[in-house]
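Scroll down for the structure; my scribbles are underneath it.
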Amino acid sequence: MDHSCTRFIHRRGPPTRTRAGFKRGKRPRIQQRPRARVSGTIPASRLHPAPASQPGPCPAPGHCPVGPAHERPMGSSQEEGLRCQPSQPDHDADGHCGPDLEGAERASATPGPPGLLNSHRPADSDDTNAAGPSAALLEGLLLGGGKPSPHSTRPGPFFYIGGSNGATIISSYCKSKGWQRIHDSRRDDYTLKWCEVKSRDSYGSFREGEQLLYQLPNNKLLTTKIGLLSTLRGRARAMSKASKVPGGVQARLEKDAAAPALEDLPWTSPGYLRPQRVLRMEEFFPETYRLDLKHEREAFFTLFDETQIWICKPTASNQGKGIFLLRNQEEVAALQAKTRSMEDDPIHHKTPFRGPQARVVQRYIQNPLLVDGRKFDVRSYLLIACTTPYMIFFGHGYARLTLSLYDPHSSDLGGHLTNQFMQKKSPLYMLLKEHTVWSMEHLNRYISDTFWKARGLAKDWVFTTLKKRMQQIMAHCFLAAKPKLDCKLGYFDLIGCDFLIDDNFKVWLLEMNSNPALHTNCEVLKEVIPGVVIETLDLVLETFRKSLRGQKMLPLLSQRRFVLLHNGEADPRPHLGGSCSLRRWPPLPTRQAKSSGPPMPHAPDQPGARRPAPPPLVPQRPRPPGPDLDSAHDGEPQAPGTEQSGTGNRHPAQEPSPGTAKEEREEPENARP
């Protein structure tokens, strides 16, 4: 038998149905047909599809698709009932014909129709009147294997919002940029993804340098009770070891510990977290014990006495759920018996992940500063706008008050917890809800009128002493977690920080919360929250764009109310497989370094010009160019394949990846006592 003959296997029955749907992780069958080679310009039949009643001719013999996909081409305006028109190309300063990337700055730009391949890469974040892609760009994408988004016929860029927390503000902001919202959480062709609850799928499919993703993967180092406690303890141990080095920097800084007043201590200029005094954990964080560790649990049960009140909180809860006070031995004994019974339960040992949530007990501050007899705390914001390099900001928030008068011995949690969820349980909430939230200006006026002369406070104490103290505490917490935080270009986070002031005007950090509440159910919140969200997104987009291009971060044109705490351009540079290395971000020299080898291309002297980086210390992998989110004040758009004028012969897209992010699922904002 001749085995060289080709054998054909025929299937019986009707032919296999061609599915037009999209299966995740695989290309649709309708897109696997051979592409027609395009030479010169794109045929008019591709740019001007024939009406549905008069099907047009096939673009090339032998490649005429059949079925619904041919009758309604993917990505064409025919599906949306729009008239197909050729794109209007725009010419930049270099004569390059391409899409308009300066829509927000060019008022004269003429908008074009949705393009066939406009979703190949997200458009400019500030582009509200962007023109459609030119024919030359479409041809280049076709020859290069570009294809439209298999999910939608609209051009994009796309954004996804998971949950309702701040969704209206975020959606309005993105739509004002010309972005379009998607509602499928499984899609990975987004430019911005903002979710209340973290999902490992989001981090697994995240494309560094191409997308923006809200919440750092391991922000639990700061935003859970146990995470924050462990982070601060680790920082304290490191500082203790450093202080024992004779003549060390920390040893000299520890000499300032006996300073009588914190406001008299020196503090460096904003933007560089190099405090001249090391904070001690016990100075701003209440004494706390972990109940999931036996030795800490037993230590707490031993030291407890009825002269102090303690508060027990789950490590990652929200809305005050699971919080209760410990005032007497009976309540502590009940808690001790419950923890022991759970520890002895064999089911808990077999499936510890199904056990109850870990808890902490924290010394309750019994002497809070009162406002008209009511307890209050201050919500401020820590913004991580960029992680490569780190750009950290402080933002003012508002004051939250209880409706009930403060009584330390009361069993009503509404008089102890200031969050809106607890206050809504009061029957008087709808009548007095405007009294549960104060602006920082209102709080400053009250403290100045009530305590300024009587207590000898500084003028405008809220905006001077309190502001500086909160910035110092935030800086300390960030520096403690910084070596362990996952950093990739495109990660950003907005963290809510809750501070309590006691009657001695000492400031305490209660907790830090992921996914802070962005609701606007009060007039003060309607004034504060939108500004916080809008400036957050503005700073995220600007720092992302500058980091991608390798430009200097400062000045930041979108910075308004947020205060810069840390500019990480001098920090260790991220590398493959980790969050930091010994490399630093390349300096910004005023003249080119001498070299014995062949001369290197000279970068023009303009803002953002940088010297080519030295050879990498670790193997690097190329990264595809991300979305061009620039605006007109940052320079003209570059042609595909060209270099940025401010980066020498090194393209900013060739940055190393900082490694794989840890994946987890967290609950939204924690409760705030």
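Backbone N, Cα and C define each Cβ position, glycine as well.
Ile365 (ATP binding site) is surrounded by 20 other CB atoms, counting those within 10 A of its CB over all protein chains shown. Annotated ATP binding site per Swiss-Prot: Gln362, Arg363, Tyr364, Ile365, Lys375, Asp377, in sequence order, evidence recorded as similarity to another entry.
The compositional bias 'Basic residues' annotation in Swiss-Prot covers 8-36.
According to Swiss-Prot, the compositional bias 'Pro residues' annotation covers 52-62 (among others).
Look at Swiss-Prot and you will find 89-105 (among others) tagged as compositional bias 'Basic and acidic residues'.
Feature annotation from Swiss-Prot assigns compositional bias 'Pro residues' to 612-627 (among others).
Summarising the annotation, Swiss-Prot assigns compositional bias 'Basic and acidic residues' to 661-673 (among others).
Look at Swiss-Prot and you will find 155-552 tagged as domain 'TTL'.
The feature region 'Disordered' is assigned by Swiss-Prot to 1-132 (among others).
For 569-673 (among others), the entry in Swiss-Prot reads region 'Disordered'.
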Pairwise C-alpha maximum, in angstrom, for the residues (Gln362, Arg363, Tyr364, Ile365, Lys375, Asp377) that bind ATP according to the record: 18
Neighbour-count leader, CB within 10 A, binding-site residues: Arg363, Lys375: Lys375
Reduced DSSP assignment, Gln362 (ATP binding site): strand
For Asp377 (ATP binding site): DSSP state (helix, strand, coil): strand
